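Student: Take a look at the following structure, please.
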Amino acid sequence: MYGIEYTTVLTFLISIILLNYILKSLTSAMDFIIYRFLLLIVIVSPFVKTQNYGINLPITGSMDTAYANSSQLDTFLTSTLCLYYPAEASTQIGDTEWKNTLSQLFLTKGWPTGSVYFKEYTDIASFSIDPQLYCDYNVVLMKYDSTLKLDMSELADLILNEWLCNPMDITLYYYQQTDEANKWIAMGQSCTIKVCPLNTQTLGIGCTTTNTATFEEVAASEKLVITDVVDGVNHKLDVTTTTCTIRNCRKLGPRENVAIIQVGGSEVLDITADPTTAPQTERMMRINWKKWWQVFYTVVDYINQIVQVMSKRSRSLNSAAFYYRV
């Protein structure tokens with residue numbers, strides 16, 4: 001009997017010793033693999049050029065200097081550029097091969113053929129409804145028109161910034177703006193917006209909630225409207241919903257893959273006076289206008305300087321995406 005017990009104890013001790021040996025061997029092997037892997041990363045990392053993207057996070061910050069990233073020096077090798085221009089440009093040029101000519105000129109600046117896209121829009125009003133900013137870098141040419149200064153500034157505010165938006169049901173609810181970053185943005189073929197501010201008893205202030213004719217009109221027959229009312233006050237709205245969609249939006253910060261070039265005009269449109277524009281800089285510039293060929297030549301000549309004050313983005317903007325998450 002004692003022999004059996006001794007044998008059991010001996011077997012148990014041998015098992016422990018063997019297990020200990022196996023664990024030590026595995027630990028040594030894993031250490032060897034991990035160290036080799038880390039050494040490989042250290043050796044290879046200087047030769048790898050990558051760029052990190054956040055998960056649906058807004059990028060904010062000053063545009064005084066270019067954002068440094070490991071692929072910045074070779075931007076044109078891995079990026080796309082969209083150049084938006086009014087229809088009158090192609091009409092004035094009158095050359096069916098003008099885009100091919102510009103593509104060859106962009107090639108001299110380091111942008112391969114096929115990386116630059118030319119996007120035509122009819123006018124500022126129609127462009128504001130559906131911007132479609134799909135490229136890594138988007139440059140919008142807007143010819144100055146003194147009668148459209150407000151439309152131009154609203155479009156600039158829309159596409160140069162990121163907005164987080166939600167639907168509004170104006171038939172059931174009252175709405176209020178909480179702070180300066182909170183705006184109501186309407187888009188459509190024809191947007192007429194009227195508001196009626198309410199007191200704490202939900203009675204109209206200077207208006208009757210049951211009579212829209214008494215509401216204050218803040219926009220009439222516009223395609224893009226960014227409405228700002230008194231913060232902290234409930235409002236009842238009347239909107240031409242058959243031809244217009246309105247959303248409750250919050251400005252998150254600058255959209256840094258978009259730049260606007262104002263063509264002509266005595267001064268550059270300024271949107272930095274808005275207290276929600278932070279930092280107080282903008283990617284807007286002006287070039288003299290004589291002929292559209294001269295405009296495009298200037299853009300080609302300075303395209304790399306323009307891109308250096310922008311930041312490549314992985315998210316696009318169109319009218320549908322804008323409404324929910326820009």
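The backbone N, Cα and C atoms fix where each Cβ goes, glycine too.
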Student: Name the residue from Cys165, Cys191, Cys196 that Swiss-Prot records as disulfide-bonded to Cys244.
Tutor: Cys191
Student: According to Swiss-Prot, the disulfide involving Cys249 connects it to which residue among Cys165, Cys196, Cys207?
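Tutor: Swiss-Prot lists the disulfide between Cys249 and Cys165.
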Student: Just how many other Cβ atoms lie inside 10 Å of the Cβ on Gln177 (Ca(2+) 2 binding site)?
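Tutor: Its Cβ has 21 other Cβ atoms within 10 Å.
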Student: Over all shown protein chains, what is the count of other CB atoms within 10 A of the CB belonging to Cys191 (disulfide bond)?
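Tutor: Here the count is 24.
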Student: Tell me, in order along the sequence, which recorded positions from Cys165, Cys196, Cys207, Val229 have their CA within 10 Å of Glu216 (Ca(2+) 1 binding site).
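Tutor: Those close enough are Cys196, Cys207.
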Student: How far is it from Asp231 (Ca(2+) 2 binding site) to Cys82 (disulfide bond), counting Cα to Cα, in Å?
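Tutor: Between the Cα atoms of Asp231 (Ca(2+) 2 binding site) and Cys82 (disulfide bond), the distance comes to 37 Å.
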